[in-house]
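This report refers to the structure that appears directly beneath it.
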Number of protein chains: 4
Amino acid sequence: MPLPLSEDDKFHEECGVFGVWRHKDAAALTALGLHALQHRGQEASGIVTLDEAGLFHTHKGLGLVGDIFGDAKVMASLPGSAAIGHNRYATTGETALRNVQPLFADFEFGGLAVGHNGNLTNAGVLKRALVRRGCLFQSTTDSEVFVHLIAISLYSTVLDRLIDALKQVQGAYSLVALHHGALIGARDPLGVRPLVLGRLNDGWVLASETCALDIVGADFVRDIEPGEIVVIDDSGIRSVTPFSNTESRFCIFEYIYFARPDSVMEGTPVYDTRKRIGAELSRESAVSADVVVPVPDSGVPAAMGYAVESGIPFELGIIRNHYVGRTFIEPTDQIRHLGVKLKHSANRAVLEGKRVILVDDSIVRGTTSKKIVEMVRQAGAAEVHMRISSPPTTHSCFYGIDTPERSALLAAKHDVEEMAKLIGADSLAFISLDGLYRALGKPGRDSAKPAFCDACFTGDYAIPLTDMADNAERRSALEKASA
Amino acid sequence: MPLPLSEDDKFHEECGVFGVWRHKDAAALTALGLHALQHRGQEASGIVTLDEAGLFHTHKGLGLVGDIFGDAKVMASLPGSAAIGHNRYATTGETALRNVQPLFADFEFGGLAVGHNGNLTNAGVLKRALVRRGCLFQSTTDSEVFVHLIAISLYSTVLDRLIDALKQVQGAYSLVALHHGALIGARDPLGVRPLVLGRLNDGWVLASETCALDIVGADFVRDIEPGEIVVIDDSGIRSVTPFSNTESRFCIFEYIYFARPDSVMEGTPVYDTRKRIGAELSRESAVSADVVVPVPDSGVPAAMGYAVESGIPFELGIIRNHYVGRTFIEPTDQIRHLGVKLKHSANRAVLEGKRVILVDDSIVRGTTSKKIVEMVRQAGAAEVHMRISSPPTTHSCFYGIDTPERSALLAAKHDVEEMAKLIGADSLAFISLDGLYRALGKPGRDSAKPAFCDACFTGDYAIPLTDMADNAERRSALEKASA
Amino acid sequence: MPLPLSEDDKFHEECGVFGVWRHKDAAALTALGLHALQHRGQEASGIVTLDEAGLFHTHKGLGLVGDIFGDAKVMASLPGSAAIGHNRYATTGETALRNVQPLFADFEFGGLAVGHNGNLTNAGVLKRALVRRGCLFQSTTDSEVFVHLIAISLYSTVLDRLIDALKQVQGAYSLVALHHGALIGARDPLGVRPLVLGRLNDGWVLASETCALDIVGADFVRDIEPGEIVVIDDSGIRSVTPFSNTESRFCIFEYIYFARPDSVMEGTPVYDTRKRIGAELSRESAVSADVVVPVPDSGVPAAMGYAVESGIPFELGIIRNHYVGRTFIEPTDQIRHLGVKLKHSANRAVLEGKRVILVDDSIVRGTTSKKIVEMVRQAGAAEVHMRISSPPTTHSCFYGIDTPERSALLAAKHDVEEMAKLIGADSLAFISLDGLYRALGKPGRDSAKPAFCDACFTGDYAIPLTDMADNAERRSALEKASA
Amino acid sequence: MPLPLSEDDKFHEECGVFGVWRHKDAAALTALGLHALQHRGQEASGIVTLDEAGLFHTHKGLGLVGDIFGDAKVMASLPGSAAIGHNRYATTGETALRNVQPLFADFEFGGLAVGHNGNLTNAGVLKRALVRRGCLFQSTTDSEVFVHLIAISLYSTVLDRLIDALKQVQGAYSLVALHHGALIGARDPLGVRPLVLGRLNDGWVLASETCALDIVGADFVRDIEPGEIVVIDDSGIRSVTPFSNTESRFCIFEYIYFARPDSVMEGTPVYDTRKRIGAELSRESAVSADVVVPVPDSGVPAAMGYAVESGIPFELGIIRNHYVGRTFIEPTDQIRHLGVKLKHSANRAVLEGKRVILVDDSIVRGTTSKKIVEMVRQAGAAEVHMRISSPPTTHSCFYGIDTPERSALLAAKHDVEEMAKLIGADSLAFISLDGLYRALGKPGRDSAKPAFCDACFTGDYAIPLTDMADNAERRSALEKASA
């Protein structure tokens, strides 16, 4: 079976958010925070500030934070002591500037800016109803649904309108909002996506991850709770919990791959967790070998944990080219067959004649894994054993992660033995679901009430997939009609 | 003493070169080779190809290889089965396109393209003589001196003219040249800068490092010898050795920092060498500690060697932000004091309460080291011991490496104890010069005939610094005159 | 009295529109039509096409038509046999891409694109009401009011919704609209702005002026009537006249300056009219002189008419620099005092020692006139007599023309004698209002029911200035409150 | 016979030059002067200034003067009280920045900048000799030959080296040069290309035409004489006349088309001359008609002269679109057949039913004329009589004018009757050569010693075409060899 070609075969976090209240360099801090959150979205970024006169200022661009906000003139055009910012990962065709967040709108009550990490599962249904009502959509983002719901709400305060809107949407979201009286942070009732609160002198910071607090020198205060709305204004911070049912179903993949290793999520350091996952993986699927080699960079901590637990030396058998960044060599035929080598190269001195354990965080389509195994063999490896620090990804994510359709997921159609053959490895093993929960400090997975959202491994979708059902229904109505 | 600020406190390799003879995708291979050599120069790149009709084609640009040559149209404009390419690292003010290599000139005998890695130490003296003779210089690069010397040579063949030119220049150089009959590679009589030969099907490849052979799938044949000129044409490859005195004084810093870890230089794998240096360093300067933490990414192999030798756990206590690349946040005052944090962040989970051994490859001005130590302490480290995998860099390099003036080198003005205090470390140690030679498989340094160029540690300059002496002389003549 | 500096001292037409129905090269024809209408707006242009599958395609840009649509790839991205286009003249600060027309919106009934030439006089009042209702505005153009009114209309057909919207707006407008069933053209009840209908093979064309029909080879059919809506679809063309009261008050300044000389407006060739105005001006304000010199290019036909009528030779005493275009030499002090000379230069051979009659179309602020007179004197003219082919412009226009505030109009504050002194002319005369009407074939101005909109000369505003009144009222309410 | 397509069917002046000595705003004046000379070259411009410290500053760009020098920062980067500038018209493929003048070189004696209007007829021969000698050429312009000749001259002063160089070149040239002691102007021994001297306060100005003196407010002093070199320094101005044989053969086409109408050349105002040519043309080739219509803009003065002399009314029957500028609609098939209409449109009100005399300045390939005639007929003209204010252009120019190869000149292959048929005119007439000389105040053409260079009409080339002969000879040698 020929595998499709893909340079980058990973799930992708779709966004990062950041907010500051009461700091004279609000825009600069936001730029730094977005820079620290760059791994959560590299296609576009935006910042909206609010100045002392109550005026909003905005700058958005396509590209990396440092390029968009690296110009002193740009920073000077963003005065004010409050700001929110947003990094965006965009799927094909939708990198238009009008989709770059934060979204901003002039309402009857004044301006409001909103930045949103996550994905709504009933955005399509809501959007059709809004258009019927006469609302004009300008972007193709889910997030604009929030803005229209706020605009047409009959409540009078900003906060009540926001709650009114949140109660109508379904999905996973962490959002930051800024209006002339307050900075607001909110997390969906299951707390699927992260959002943390920090303190910086007498001001406040909201961010997707703690690494963004660290870069601006803010102290971590706490995670925003599932279903919690925090309102930060000059009188301080207060918490609103408008949802009757909340429980914690934090995204387990943040630990495996999305979050930066130096972040602390829901009380647990990501780096430590990854090493523990590696150790657990070693216990579950030991194999006799000479070296443990990570697939850089995301596989490194798990490989270290694996190596220590197994006693097999950890070696850098694959070198990553740091200058790939946004660079892009167009896939002429000559170059295409050289495949993954633009990003990685084999370190022959480490691999030649060795039995190699390769540690990676996940297998999505399998294309990269296949090339990595091939490259390692070409460099002279005697055996290649692939070990994966997540369970098989058998289902798509609809909660803010860019994943291929289910049919493109290798694990959705093949068992582990077939997958090993397809990627060309001598052996392949994934960590078990219970092993993953154990590495996270749980006794195992409680299938009645799982501690995390693990839908990509289990298909157990905790938030209804309304649009998907609606589409299926429309199609079946159509099929009936045409029958 | 306040240290000057600098984001990047390293010596910098100034160039990488690549050449192909007889391959239908010569330009694409050269782009790939330059991509693999990107660490040797990130400011600009150029490719010159030679097509079947004897016509030369050229494309140059400022930026990364992938950006300059990522466009299929650009690649289509570079037909031909022979090519040379060049990556450039440029110091301030000189990133003009006219300085980007390969340089190309129309001579009486036809076109010639030249790419040059290294630095001439008598370029100023030669240039003044050439201008007096009526030569018009177009760039400010040393390399143009080669071109004029070839142009005015009285010899009739290209090769004889090139030898005539090489005999007049002093300095360190590895160069590739292309004219309508041949691809030529040359290395200075001491072989200070690297140049390797590879075989690709029935064609040939020249490159600064073996990692560039790997990316195009070429087999390593051998290093070009010090003082050797290889001429590759359709009748095969032949070697010319025009210099009576040659000996090997290969740049020792290539092993420490410049070369990519997966390259093999002068028969020795760079990655292994760096681990051996780390182990030697551990033996020489052991200290009681909880974790060994590399300063990423260049310090990683030495830290691994150090950790294994010392038995102290290797941990990723510093995380590198991969999205810095060329991005640049302009140094507003707000951001400047946050310093090195744009590139690195501390992993508190690893550092808090620990006695930390930090391993880095070198200390140049000391600015980065100071910030790293500070950052590690702020993350809660109990002790910080800095270990450096090179001897103190007390002298500037004039052989193709961008180094600060001697007065800016921390080790030129301070002993190790003072340096420890300046960077804020609890202890500081460098590998000894003999230890470094031992890690490279020598019994130690033979001061009568050192196996490597180590002038940056010793001030033992094997190639005369003619321009520098000439400048000094002119100044003193002037001083006499004005006295 | 020092006059303010201004390079361009004219009233400016704010927009041009164009539409095609049923022609395989709809986008190319629209680009050509917009090119011919470039004089009606040079800041930005846009085209929306509708393809056979019912999909809309759009491309907009800042700059000249030829630059925005000069690329074959752009044209290839605009398939379809129906299209509308728009040229925009923008006042300061509002050249953002989001303001470039045609505006496009997805409604419940499908997509609709609208291009609008003119200005609404109650846009502010309507916009406030729409925002209160929950509508989110994306641009700062009047034209978006149309779109929201259509979106929220309770009528079910596109045409009824459009009529519903038109009945709520006040102002001057000619608009073209495209939805998946039809191309629509509409003109306000007084027909202030032009709109013509043309026939091209079996397709139809709508355009602001006949010169845009000529360039695409379309035959002129007729002017759209004041208050008329034409609906062009595959069954042909039909006319809807939803307004009970309509009368013709076509903008008289179109004849004087805005329209291209080769256009025919309301049955009258513009070029002929301008010559007749010049002849009438000569009869009204004869003066003894040696040469009649036009201020190029707009003054040329009137000057020709003046010269023939007076028997004084017509000479090109002022040369226009054709390369000014969008070029712009920043007003350093050195250059600023050289003033108008960037665009014009005096032809000394014609002017030296002569009594000169200068003919121009209007005096707005007087800045250009002052410089022109000065330049002509410096070239040696013995006398300079300025003759203007319009009456004094004493009032601002609110119907789609960019004019200065009334206080900046020279004629609003000075009588003719003072104006002559201010611009430095030996004599100055304007055509009379009745003389202007006579040149247009009327017996004179019927003040009870003027045949044209001449508010800029008379202050007789035929369409209510609702926003202006509303602003005045709000201010006075505020003043009362604060009293 | 199908005619090839061409949007612009004119001869083109290849360059304009400007220089200033002793004025604090030297760069700004030069930008203005180049702006006034924009008609002599629109592809690229450059300015070199010399500051008080003896340093040179340079800025060059592709595009219009206003775009290249419109930025205050650019102007601020060009300090100094002396400057030279150059406008370039470039033929295909050679708009590279390295070809933009002024050329600048560092010589043994210091820097020298040179700007050159004209063309060398032995540049190829000289260039080959220089390359044989070891000179490296960087541009593909003739002008670089000057620079190398100066560089290798054995004379010691700049002026002697320049004279040495000028004595070796053949061709037509007017040049300005700047070195640290002086501003230099020079004209070839026949004075084919223009160069004038002006006085501005206590400084001096050199320019290709007087219109560039006018824009900066300089007073015209005199034309530089054929073969004269003027040296302007702080001690004043002096004249050197190194050539033994000089006579005046000024380019007659400057009067017909190249020069701006407000310039005065060799004592004769261009505008007056063009009207006199039109009058002479009317006398020579009268025809019964209703209107005289110029092909704008270059045909206007001749048409005015024709109209006055013939008593037939002058009318603007063709309107020029002022927004074509650099705009460019790519020739898709749809648009290509609309041909010349992008630049011109017919004014039907003037043309319909009329017998039309069209006046243009020249016919080169005939493509534009054909389209203009066709357009005028389509607008309803009853008859179209074409009158041309130059004799038939039967020969190419090698003296600094961009002309097609001889074989592409319509008049080189067809007599007037055939040409009339090819362009579709009812009649066609050119002014006679003697008539042209009469209009210029001569009794007629003295074939023994013509007062002007008229080679394009006569093939009488006053300067040897050395390169052309050399090429022919090389070809024939080759042919012999291969025979």
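The backbone N, Cα and C atoms fix where each Cβ goes, glycine too.
In TrEMBL this protein carries:
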type	residues	note
ACT_SITE	B:Cys15	active site, nucleophile
BINDING	B:Cys251, B:Cys397, B:Cys453, B:Cys456	[4Fe-4S] cluster binding site
BINDING	B:Ser298, B:Asp360, B:Asp361	Mg(2+) binding site
DOMAIN	B:15-235	domain 'Glutamine amidotransferase type-2'
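Feature annotations (TrEMBL) mapped to structure.
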residue  : record                        : CB count, 10 Å
B:Cys15  : active site, nucleophile      : 26
B:Cys251 : [4Fe-4S] cluster binding site : 27
B:Ser298 : Mg(2+) binding site           : 20
B:Asp360 : Mg(2+) binding site           : 24
B:Asp361 : Mg(2+) binding site           : 24
B:Cys397 : [4Fe-4S] cluster binding site : 21
B:Cys453 : [4Fe-4S] cluster binding site : 26
B:Cys456 : [4Fe-4S] cluster binding site : 30
According to DSSP, does B:Cys15 (active site, nucleophile) fall in a helix, a strand, or coil?
strand
Tell me which of the recorded positions B:Cys15, B:Asp360, B:Asp361 ends up closest to B:Cys456 ([4Fe-4S] cluster binding site) in space, Cα to Cα.
B:Asp361
Work through the recorded positions one by one (B:Cys15, B:Ser298, B:Asp360) and name whichever has its CA nearest to the CA of B:Cys251 ([4Fe-4S] cluster binding site).
B:Cys15
I'd like to confirm something. Which of the recorded positions, B:Cys15, B:Ser298, B:Asp360, B:Asp361, has a Cα closest to the Cα of B:Cys397 ([4Fe-4S] cluster binding site)?
B:Cys15
Other than B:Ser298, B:Asp360, B:Asp361, which residues of the chain come within 8 Å of the Mg(2+) site, judged by Cβ distance to the Cβ centroid of those residues?
B:Lys10, B:Ile256, B:Tyr257, B:Pro294, B:Val295, B:Gly299, B:Ala302, B:Val359, B:Ser362, B:Ile388, B:Ser389
Same chain, not part of B:Cys251, B:Cys397, B:Cys453, B:Cys456: whose C-beta falls within 8 angstroms of the C-beta centre of the [4Fe-4S] cluster site? Give them in sequence order.
B:Val192, B:Ile252, B:Phe253, B:Tyr399, B:Ile401, B:Asp454, B:Ala455
Return only the integer: C-alpha distance in Å from B:Ser298 (Mg(2+) binding site) to B:Cys453 ([4Fe-4S] cluster binding site).
21
Model confidence over the domain 'Glutamine amidotransferase type-2' (B:15-235), averaged pLDDT:
92
Closest of the binding-site residues to B:Cys15 (active site, nucleophile), Cα to Cα, picking from B:Asp360, B:Asp361, B:Cys453?
B:Cys453
Could you check what DSSP calls B:Cys456 ([4Fe-4S] cluster binding site) once collapsed to helix, strand or coil?
helix
What does DSSP say about B:Cys251 ([4Fe-4S] cluster binding site): helix, strand or coil?
strand
